[in-house]
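Engineer: Attaching a single structure in structure tokens format; questions to follow.
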Amino acid sequence: MPEEAETFAFQAEIAQLMSLIINTFYSNKEIFLRELISNASDALDKIRYESLTDPSKLDSGKELYIKLIPNKTAGTLTIIDTGIGMTKSDLVNNLGTIAKSGTKAFMEALQAGADISMIGQFGVGFYSAYLIADRVTVTSKNNDDEQYVWESSAGGSFTVKADNSEPLGRGTKIXLYIKEDQTDYLEESKIKEIVNKHSQFIGYPIKLLVEKEREKEVSDDEADDEKKDDEAKKDMDTDEPKIEDVGEDEDADKKDKDGKKKKTIKEKY
């Protein structure tokens with residue numbers, strides 16, 4: 001029997017902030033992606049730091065990355081990281097019931113004319129998701145707890161329940177249900193533009209799932225290895241989605257900053 005979802009009220013200042021974000025017109029809504037990628041990077045930093053003293057922390061997944069998955073059919077943009085993840089109490093406390101010290105300060109700054117893009121400096125960048133989404137789910141798995149899912153369509157409350165869907169291993173998956181008038185944020189070119197503009201200095205791979213076969217830069221040795229794999233698989237081509245590293249495909253066959261030649265090879269997902 002599935003566990004029932006528990007409902008929690010947003011702390012009053014957080015509810016006010018969300019209302020402000022949802023009901024005010026902001027021109028630079030795109031900063032939501034910068035904030036969510038920044039949070040993902042912080043979560044990756046935390047698990048990497050923990051693994052320095054306890055390598056077994058990475059037994060739940062050694063690869064550290066951020067993945068973006070636009071789905072036009074479902075109208076969702078999903079941001080996945082293999083970072084430290086959140087426990088149930090983290091989801092309840094960090095995403096709604098305990099106001100960060102910056103919540104009130106940011107609202108006051110906004111009302112005094114500050115730009116929405118400053119939201120991350122006040123520690124409440126997560127809520128920028130509601131600039132472009134009318135519903136958000138956050139599925140998370142921390143090494144010290146089971147997998148849980150947080151959900152809210154704003155409106156003053158959120159739910160948290162045990163999650164028995166696809167196991168994450170470790171990390172966090174944020175699904176944004178995009179507002180009908182914001183669907184340009186599901187376009188591959190738009191996502192790449194935002195990532196290259198705001199998140200180019202993130203220290204982890206940012207992978208973008210795309211609907212067609214694309215090219216990805218690799219080293220000569222990797223290219224040779226994967227070329228063999230491709231030859232073995234060339235009769236198996238399908239229209240399945242593919243992954244590419246954001247910002248790599250335009251620089252095919254150029255030397256990288258270390259002077260190494262890179263080739264483009266096709267990577268299947």
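Just so it is clear, glycine is given a Cβ too, placed from its N, Cα and C backbone atoms.
Remember, it's a predicted structure, so these values are computed and weren't measured experimentally.
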Engineer: Given that Swiss-Prot annotates Asn39, Asp81, Phe126 as binding ATP, state which candidate in Lys57, Lys62, Lys100 belongs to that site as well.
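Structural biologist: Record check against Swiss-Prot: ATP site with Asn39, Asp81, Phe126, extra candidate from Lys57, Lys62, Lys100 is Lys100.
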Engineer: On the Cα atoms of Asn39, Asp81, Lys100, Phe126, which are listed as binding ATP, what is the maximum pairwise distance in Å?
Structural biologist: 23
Engineer: Please work out which residue of Asn39, Asp81, Lys100, Phe126 has the most C-beta neighbours within 10 angstroms of its C-beta, and give that one of the binding-site residues.
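Structural biologist: Of the binding-site residues Asn39, Asp81, Lys100, Phe126, the highest Cβ count within 10 Å belongs to Asp81.
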Engineer: For Asn39 (ATP binding site), which of the three DSSP-derived states applies: helix, strand, or coil?
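Structural biologist: Helix, per DSSP.
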